[in-house]
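Undergrad: Take a look at this one; I'll ask things after.
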Amino acid sequence: MRAFIAIDVSESVRDALVRAQDYIGSKEAKIKFVERENFHITLKFLGEITEEQAEEIKKILEKIAKKYKKHEVNVRGIGVFPNPNYVRVIWAGVENDEIIKKIAKEIDDELAKLGFKKEGNFVAHITLGRVKFVKDKLGLAMKLKELANEDFGSFIVEAIELKKSTLTPKGPIYETLARFELSE
């Protein structure tokens with residue numbers, strides 16, 4: 001199964017991100033926007049894993065989750081990968097993400113022991129859409145600039161989730177396989 005490890009975002013943040021997607025729209029570029037219910041912060045993309053690996057990963061995540069406290073983060077601003085001149089992914093930034101960075105690093109280190117490739121530099125973000133092609137580079141840049149410091153609200157990071165991703169012609173369908181609450 002295709003899987004990843006993620007943090008879920010609140011309903012109010014989802015609403016704000018959908019409004020940003022609507023604002024960006026599709027006039028300046030053909031963008032495949034992420035569905036509202038699929039917004040998340042990826043801690044690690046795993047790719048194809050077996051049931052056995054999933055069980056190993058669950059044990060690791062359970063152990064890691066207990067070490068960190070639930071905490072509030074703020075979702076603010078729009079960024080792009082790889083760079084503003086060549087926009088492929090549009091994302092919302094996450095502020096106050098020091099704990100998330102630590103969690104991601106620990107997951108990365110632990111899973112490297114199981115043979116997963118190490119990620120390197122982690123940027124906490126919520127993907128809004130993937131750009132297929134740009135029709136009006138300047139127009140798109142202007143819209144993204146206007147959202148550069150937009151506040152999308154805050155939410156409490158409560159758990160780490162192991163998610164399964166099933167690719168369909170309509171887009172991916174995510175299913176939570178296991179959820180590990182952070183400590184109070």
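Every residue gets a Cβ built from N, Cα and C, even glycine.
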Undergrad: Examine the ranges 45-48, 109-112, 125-128 and name the one recorded by Swiss-Prot as motif 'HXTX 2'.
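TA: Range annotated as motif 'HXTX 2' by Swiss-Prot: 125-128.
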Undergrad: Do you know which of 32-35, 40-43, 120-123, 176-179 Swiss-Prot annotates as motif 'HXTX 1'?
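TA: Going through 32-35, 40-43, 120-123, 176-179 one by one, Swiss-Prot gives motif 'HXTX 1' for 40-43.
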Undergrad: Can you name the far-off residues of the same chain, 6+ from the ends of the motif 'HXTX 1' (40-43), with a Cβ under 8 Å from a Cβ of it?
TA: 4-9, 94, 100, 103-104, 107, 124-127, 160-161, 163, 174
Undergrad: In angstrom units, rounded to an integer, how far apart are the Cα atoms of His40 (active site, proton donor) and His125 (active site, proton acceptor)?
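TA: Cα to Cα, His40 (active site, proton donor) and His125 (active site, proton acceptor) are separated by 8 Å.
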Undergrad: Determine how many residues of the motif 'HXTX 2' (125-128) DSSP places in helix, in strand and in coil.
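TA: Output for the motif 'HXTX 2' (125-128) reads 0 helix, 4 strand, 0 coil.
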